[in-house]
């Protein structure tokens, strides 16, 4: 993105220099002719665009360094930068032309008087200098704070970036200083007027060249040619290991602490904003507009980034566990049920629920321990049928859930994962993500009669939205649209239709009927090999909260935590800086992915792609992607390894990439060393199908490692699907040689915006290599 903006700046500077080639077109009559106006208009237009574009480059640096935006996100703002630069420049220039402010300006036609030049041009130069200085000062302070105590690689990149930022500020001031002095202090220059004028023409017309020299890598290449430093190829030592990822890295494993314990996670939609609804909003929330809600849910997954390390993937694919909660606005109108029908179903469910034996003491005790006395009304028998941790626990003691030992949680999650069934309408996707959720203790789930009308669950079952997400079983009445100040009696044996009608707003004047619905939801996503480590213990609504027409929902999750905490490095204590590969436990991880086949789901309505059922050869692949190739959008495969959530160098890698882009290469002696310091790799689809992809990077292997993969058309083209490959942790084969892991087959489900798009299969291998020190 930086290089692209430098090219645009060079174009603007060329537009500023070209009209000056014709000199001053005014004749002896001193009348401003059409040619003079055109020249002045072009000079003012391109001059302003050059000034504004320099400010845009500074803002781009700020977003990339401080907010760590990905290249895709930065490029998505390119058109916005152009609009913000071109529109005001054109408006100001046209206004000056219409006001007849152009005329003789010594060497060429431009704004005539000194005062007009200041207010119409040089004032913007001063503002740009101040803006660039402030932006780059903030950027400099941020990276200084974040990476001052980092390792040697980060220190070098930090020093290079800060020096470039200082040079950028100084260059912008120096390039515009002669022009400012000549135009504003023309009469005071005396004999120095002509040299200053010449210097002004040189500096103004060479801004693009100067910026390209600073950021284009020309100085770096000259330094490489002059210095002729020999390249140093680090030595490699394969790490022999009986299994991945426990490897011998020279670390004293007696100092490594292993923690394996459960952690409770509380999630709630209680903090929700309140505002008066406009008629347009009421209409939008009236009849079922499930297609619009599906589009909103897809936008959430595509646009929301939950960490600073934006690598261009949807957030569920770069974290072990993710949660989506709030007013998702899905209704119980999948089968066009009326409000009376839903109320009658809820009343019948309540009768069935209370007719069953009361839940075991263990479940009620668990809920009290998790939620506390403040939420004690929710432990009433009417809402407790799904709050247990599974029937495998039995009627245990009354201790708090925080005292559960690890073995009990492991038995629970294993039994829970083995009891997952399909949804009420059936599903044949047992080999893929299960769209269903964890079962309650009851042999028969009485709330299915209500939830069969739910748009959200049907969309998840059909793999069109929130693919891979789960939701705990709902065993509480619809949370919307409730009458403020009214609440259901949770101790009552039955809820009559009339009692329910008093608690729900089923009609809005002028907008027809409103069907009671579960609009407030809590969904959660886990990587396939991490699903057994997260289990929902409680999922309930807060009936006592009467300040809104929504009843908030809450959930309590139990997660298995398995972390290895390495000791503090002795090198840090002695202030000895290290390279990435010298940090204890860090190895060079050489990843290999080979393609086997890919199958695509039927294309959803509204997506202009050929519909192919199964693809296994390059001919069919070319057929599917040919329309994008014809329009210049190459189909690319992008992988991220390790994931930011598994990477101790996550924040540092962005710094290394930025330093490389600003200098044309930070590490002059060997470009391969930079490749080992990034966690992102790209390859053309045709090359991936034919040769696979190999990626090497420095990382500290962890207990669970994953590779995020995405198939997309160019940097800003459509995404065909993305998913996560789980690296197998099985014991190494007897045929392994020198730490090389045999190829393991994988199958990864691809999705885009929560919509299941296809299934990719192939083979993965990971080789762990320990590099010798550069010393």
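Each Cβ is built from the backbone N, Cα and C atoms, and glycine gets one as well.
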Field: Segment assigned the feature transmembrane segment in TrEMBL (from 41-61, 230-250)
entry: 41-61
- prompt: Can you say which of 144-164, 165-185, 270-290 is given as transmembrane segment in TrEMBL?
  reply: 165-185
Query: Pick from 119-138, 299-318: which range has transmembrane segment per TrEMBL?
result: 119-138
